[in-house]
Amino acid sequence: MLLTFLGTSSGTPTRSRNVTSIALQLPQRSSLWLFDCGEGTQHQVLRTPLRLSQLEKVFFTHLHGDHLFGLVGLLASRALGSAGTTPVKLYGPPGLQEYVRATLRYSDTHINYPIHFQTVEPGLVLSEEGFTVLANALKHRISAFGYSVIEHDQPGRFDAERAAQLGIPFGPLYGQLKAGRTVALPDGRTVDGRTLVGPERKGRKLTYCSDTIYTPSAIELALGADVLIHEATYCEADLNLAERGLHSTAAMAARVAREAKVRQLILTHFSPRYEAGLAALRTEAEAIFPNVRMAEDFWRYEIKAVEAQLPKALVEQ
């Protein structure tokens, strides 16, 4: 699971940060998912290896402009590219479909591929081969949702090298061993396939929460996540601004990470008032939760799977 941060500023762009958008590339799939699509996102994509022709889904946390205004231009550019008639599905709060249809109509923009819409509610958003997406309501000035992308658990890895060392002939026997069965070899030995297949690999979990002030629903959504991406618009010194706008401080985001027992916290959605530096935000977050990274535009982050150890192979003579 590979993340590319396309925009990490809140409200307005700065010289070094565009407004919010995050790209997600999933393993063994050529599709691209976006989370939010602020103004200028398509320009950001042009400066990365990403391709709009691979865009499959866009998930919107809420409908404020710094998360939305880049969508229609991006869809229009995709229609002029090599995507053909491959559809795009848009997920978001009520009003998303009305906004997109009206903007396309009044700008006389024609899209040559299907656009599908799904209004998001707390709970299951989708479940398809390999992945499930869940949503939960956040606490912001308008309807807002956080998302969790959960990879389904994977079968354990088959150790073909060890099988070869044991003199097991390559062929149909490998399929039986991969399935964890005990097989008889031509020389009379038996091999327990379970000892050549690692433990089931737990799927990875990514949670994204923005925009929101501290809320228990974010903790519920992020519980046990490998990576939590959480907005950190302000530092605690500007708590009054966070409370007024229903945004999070870096300390609030760190509390969510700690209470949800996540592995890694990535902060994003920084107010332009901190353009000179984010040291204060990082310091206050690390005082609560040590594994903190500060997102930057075009930064790529891989969520790596945790590999389990194989047991010792059991071979009976």
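Residue positions begin at 1 at the first shown residue.
Placement of Cβ uses the backbone N, Cα and C atoms for every residue, glycine included.
Taking Cβ-Cβ distances under 8 Å and a sequence gap of 6 or more within the same chain, the neighbours of ASP66 (active site, proton acceptor) are SER9, SER10, GLY11, THR12, VAL19, THR20, GLY38, GLU39. Summarising the annotation, Swiss-Prot assigns active site, proton acceptor to ASP66 and lists sequence analysis as the type of evidence.
Long-range C-beta contacts of HIS140 (Zn(2+) 1 binding site), restricted to its own chain and to partners at least six residues apart, with a cutoff below 8 Å, comprise HIS62, ASP211, THR212, ILE213, LEU246, HIS247. HIS140 (Zn(2+) 1 binding site) falls outside any helix or strand according to DSSP and counts as coil. Feature annotation from Swiss-Prot assigns Zn(2+) 1 binding site to HIS62, HIS64, HIS140, ASP211; the stated evidence is sequence analysis.
What Swiss-Prot records for ASP66, HIS67, ASP211, HIS269 is Zn(2+) 2 binding site, and it gives sequence analysis as the kind of evidence. Under a cutoff of 8 A between CB atoms, and with a sequence separation of 6+ in the same chain, the neighbours of HIS269 (Zn(2+) 2 binding site) are THR8, SER9, SER10, THR20, SER210, ASP211, GLU231, ALA232, THR233, HIS247.
DSSP gives ASP66 (active site, proton acceptor) a helix state. Of the chain residues outside the Zn(2+) 2 site list ASP66, HIS67, ASP211, HIS269, SER10, GLY11, VAL19, THR20, ASP36, GLY38, THR61, HIS62, HIS64, SER210, GLU231 have their Cβ within 8 Å of the site's Cβ mean position.
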